[in-house]
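Asks: Pasting in a structure now, in structure tokens, and then I'll have a few things to ask.
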Amino acid sequence: MRLHHLLLVLFFLVLSAGSGFTQGIRSRRSCHRNKGVCALTRCPRNMRQIGTCFGPPVKCCRKK
């Protein structure tokens, strides 16, 4: 029974540690705070993607 508790704690630890490595920019507001703009398709050539604005299809882009 103790093994189950240990595995459960380990599972939650892995989940919480993994969430810190995702992209931090996920809204229009945070994109603009990081000096980015939202692009519907892909980022223009002079910009690079730094996150998403409303979900996977809308990208947050910033100058290189």
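Glycine too: its Cβ is placed from the backbone N, Cα and C atoms.
Pulled these from Swiss-Prot:
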- CYS31-CYS60: disulfide bond (DISULFID)
- CYS38-CYS53: disulfide bond (DISULFID)
- CYS43-CYS61: disulfide bond (DISULFID)
- 1-20: signal peptide (SIGNAL)
Asks: If we check Cα distances from CYS43 (disulfide bond), which of the disulfide-bonded residues CYS31, CYS53, CYS60 wins as closest?
Replies: CYS60
Asks: Hey, how far is CYS53 (disulfide bond) from CYS31 (disulfide bond), Cα to Cα, in Å?
Replies: 7
Asks: Reported as an integer number of Å, what is the Cα distance between CYS38 (disulfide bond) and CYS31 (disulfide bond)?
Replies: 7
Asks: Within a 10 Å radius around the Cβ, which one of these disulfide-bonded residues has the most neighbouring Cβ atoms: CYS38, CYS60?
Replies: CYS60
Asks: Given the disulfide-bonded residues CYS31, CYS61, which one's Cβ is surrounded by the fewest other Cβ atoms within 10 Å?
Replies: CYS61
